[in-house]
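Data first, discussion second: the structure below is written as structure tokens.
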Protein chains: 2
Amino acid sequence: MTNRQLHLNLFVHGRGHHEAAWRHDGATHRSLTDIAYYTDLARKAEAARFDAIFFADALGIGDEVVHVAKGGLEPITIIAALAGATERLGLIATASTTYSEPYNLARQFASLDHITNGRVGWNIVTSWVSGAGPNFGDDRQIEHAERYERAWEFIDVVGKLWDSWDDGAVLDDRAAGVYARQDAIRRIDHVGPRFRVRGPLNVPRSPQGRPVYVQAGSSVSGRQFAAAHAEAIFTAHLDKTAAKGFYADIKTQAAALGRAPDSLVILPGISPTIAATEAEAHRLADELNALTHPAVGLDRLADRFGGHDFSHLPLDGVLSVEDFPDPRKVQAAQSRAIAITDLVAREKLTLRELLHRLSGARGHFAISGTPEQIADTIEDWFKSGAADGFNVMPPILPSQFDIFVSEVLPILRRRGLFRDDYEGRMLRDHFGLSRPHSQYFEPQTGLE
Amino acid sequence: MTNRQLHLNLFVHGRGHHEAAWRHDGATHRSLTDIAYYTDLARKAEAARFDAIFFADALGIGDEVVHVAKGGLEPITIIAALAGATERLGLIATASTTYSEPYNLARQFASLDHITNGRVGWNIVTSWVSGAGPNFGDDRQIEHAERYERAWEFIDVVGKLWDSWDDGAVLDDRAAGVYARQDAIRRIDHVGPRFRVRGPLNVPRSPQGRPVYVQAGSSVSGRQFAAAHAEAIFTAHLDKTAAKGFYADIKTQAAALGRAPDSLVILPGISPTIAATEAEAHRLADELNALTHPAVGLDRLADRFGGHDFSHLPLDGVLSVEDFPDPRKVQAAQSRAIAITDLVAREKLTLRELLHRLSGARGHFAISGTPEQIADTIEDWFKSGAADGFNVMPPILPSQFDIFVSEVLPILRRRGLFRDDYEGRMLRDHFGLSRPHSQYFEPQTGLE
């Protein structure tokens with residue numbers, strides 16, 4: 001295949017991305033702590049030749065659990081458990097730079113990359129969720145800028161650890177009694193403002209060199225970080241214009257840092273509600289909205305605005321921008337807060353309507369339509385510089401994913417936009433990324 | 001079965017517990033980073049109806065890797081990957097209280113217990129290995145007492161987190177729109193000298209309530225900790241007398257704390273070199289010793305004595321206690337250092353002979369003999385108050401484990417000492433342990 005091809009991830013969230021999905025008939029009846037639920041989804045995603053399956057994460061849980069299906073399994077353990085149930089599918093787990101130790105994270109991901117034979121991605125997050133800090137001795141929420149400073153140093157440290165064994169460091173020479181080459185394993189002796197880490201890692205360099213770096217930050221600091229480090233970017237936009245602006249900005253910033261345009265793929269979230277007719281699709285979306293609980297939406301909206309309380313506003317009153325605090329002062333996912341106030345400024349929405357808009361996919365692009373319409377949108381975004389592919393967020397799991405696979409994928413394949421089969425074995429192969437050289441690699445004196 | 005039954009774990013270490021095992025023909029030819037190696041061992045252990053498979057851990061690696069097969073996979077990820085390859089076998093992973101965050105550890109183990117349907121054990125270590133600290137910003141090695149103080153508070157915190165959801169907290173009532181019971185999920189609001197953790201955990205209470213607590217410390221502080229918390233104790237003794245003393249001490253200390261004798265099982269390590277005749281078994285042990293590299297043994301001996309250098313001593317000179325620093329001042333595994341100096345005081349050993357004694361199983365009980373002799377020893381320790389079972393440490397993997405299963409187990413079964421089949425599904429069932437009540441459980445007002 002020489003045509004530029006779409007990249008597609010399955011983003012797993014609860015029983016679907018719509019906050020009321022768990023109540024719907026089309027949602028799994030398995031428990032969120034039942035690994036069989038995730039194994040089934042992974043096998044389906046692999047059969048559909050998706051690039052990867054992706055698990056988000058949050059380091060805390062709040063009262064919303066009363067009305068929303070939450071509290072599942074930890075992503076690193078899920079990914080490890082899925083390794084044996086799949087052969088080619090990429091497996092992407094989220095882990096935090098703010099509340100992990102670099103040595104622990106580096107060895108778990110190196111281990112995962114070995115266990116999966118090179119299929120692992122690390123979704124790098126700085127843990128903006130307001131409930132995380134107090135679970136780690138941190139009563140104030142660590143500020144946005146501080147989290148990113150730590151993230152930059154963190155990725156420097158883990159990068160060195162992953163390179164601390166050269167490829168080929170393990171000789172395993174039984175006859176001579178030499179297991180590893182002393183000159184191919186090194187301390188990293190990192191000393192920085194936040195971390196002092198000696199190394200080496202206690203895991204040899206992994207099949208992909210290191211996990212694929214995935215990132216989702218879209219604030220100014222988030223974009224800078226992504227342009228410098230990310231190899232796949234999961235991004236949230238409410239419309240194509242915003243997605244195009246983001247796409248151009250990131251690729252330009254990356255180019256300015258000397259990175260080739262295809263060394264990172266940009267994958268906006270898309271949450272498609274799919275039915276045979278447009279009317280039916282809208283009816284399904286309405287059905288889901290009717291199952292929501294306003295308290296959940298209000299909690300989430302509050303979370304987007306640093307804990308600001310919206311519950312005194314009438315649900316059916318029209319909103320104005322004055323009802324919101326300044327989104328530029330939000331210490332969390334700034335870009336999404338800005339997108340919300342922009343939306344309120346643009347359209348006359350009641351609070352209830354806004355909550356419904358956000359209930360579908362938490363600020364990601366939600367769309368209802370026929371398979372043809374969904375495929376058209378995907379193709380349009382893909383060809384007009386808004387996306388290299390998508391992070392597919394089915395509103396209901398597994399039913400809406402099943403429909404995506406059986407109805408939308410064949411259209412994309414007929415149009416030559418999506419692979420019939422995998423061409424490689426590793427996640428880097430699926431994303432079209434090259435294997436990174438070790439930072440300690442010296443071509444002149446390197447390994448034969 | 002009403003007879004008291006042996007508990008048997010398979011302790012996996014490199015390509016066998018003997019430090020030169022990796023060079024031997026009977027050792028696997030798979031890489032230490034190949035999950036298939038561990039999957040095969042786990043399946044064999046399950047087919048043999050072992051209680052569990054156990055993975056130790058260390059948070060650093062040193063120069064000994066040049067001559068010893070080290071640098072494998074991280075235990076939590078191994079265990080998760082083995083979940084799908086086994087159905088009944090207990091899976092025990094080591095993780096550190098010194099260099100982990102309680103919230104991260106609690107959720108990974110809760111997740112593992114769900115993924116395995118209740119087959120997980122946590123081997124609680126305080127990370128004495130000298131190379132660990134500098135990988136976590138800690139240039140001095142945290143002292144023995146300080147590590148145990150942290151461990152006590154750590155286990156208090158994770159215990160609360162694992163109980164922060166009541167059994168039955170998830171209602172999953174789709175019709176009423178109520179996912180979880182608000183009154184059954186609580187903050188833990190832990191505030192202590194080392195940790196402040198709010199909770200709740202973001203994972204529901206797991207099948208076993210929490211992982212089975214496994215522990216191996218045998219210093220004074222280690223024993224106190226074990227008597228209070230451990231449900232299975234992996235212990236290292238060079239002979240039966242030491243094992244009996246330890247056994248009596250721990251059960252007495254536990255009883256003084258109000259614990260029933262069968263609420264904890266004591267499993268000394270045993271590393272049996274097995275062959276059809278005693279002479280052949282000794283020849284195999286000698287063969288392994290001939291494959292050792294003195295630098296490895298000297299490094300390990302140094303590690304046992306806080307970095308003390310023994311390399312100036314002649315390999316074939318007889319040792320005296322004066323060649324050793326005071327083992328009671330060692331800030332690491334004190335009890336093993338004491339056992340070594342006791343051995344030197346008791347027997348006239350050359351340095352090379354001592355290294356060979358220790359090369360087999362790093363201070364655990366090593367024995368060479370016929371299947372009958374191994375079974376006799378196991379039965380003797382089991383019946384004379386030295387053990388409730390064993391942590392089986394095959395000197396060569398998988399070949400010496402295969403022989404244990406095919407030759408020793410049938411003898412133990414004929415004698416009515418070991419199960420023919422599992423009676424339960426969870427690790428707690430195999431060990432004969434009851435499921436812990438939640439510390440927040442109140443019988444009067446509790447769940448129906």
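Quick reminder: no glycine exception, Cβ is built from N, Cα and C everywhere.
Automated prediction, rather than curation, is the source of TrEMBL annotations.
What TrEMBL lists as domain 'Luciferase-like' is A:21-386. Taken from TrEMBL, the feature FMN binding site applies to A:Asp57, A:Thr94, A:His144, A:Tyr148, A:Ser218, A:Ser219.
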On the 0 to 100 scale, where does the mean pLDDT of the domain 'Luciferase-like' (A:21-386) fall?
93
Intrachain C-beta neighbours of A:Tyr148 (FMN binding site), sequence separation six or more, cut-off 8 angstroms:
A:Thr126, A:Gly217, A:Ser221, A:Gly222, A:Gln224, A:Phe225
Compile a sequence-ordered list of residues in the same chain as A:Thr94 (FMN binding site), six or more apart from it, whose Cβ lies below 8 A from its Cβ; state 'none' when nothing qualifies.
A:Phe55, A:Ala56, A:Asp57, A:Pro75, A:Trp122, A:Asn123, A:Val125
Around the Cβ of A:His144 (FMN binding site), how many other Cβ atoms lie within 10 Å? Please give the count over every shown protein chain.
21
Largest inter-residue Cα distance among A:Asp57, A:Thr94, A:His144, A:Tyr148, A:Ser218, A:Ser219 [record-listed FMN binders, Å]:
19
Run through the Cβ atoms and count how many others sit within 10 Å of the one on A:Ser219 (FMN binding site).
22
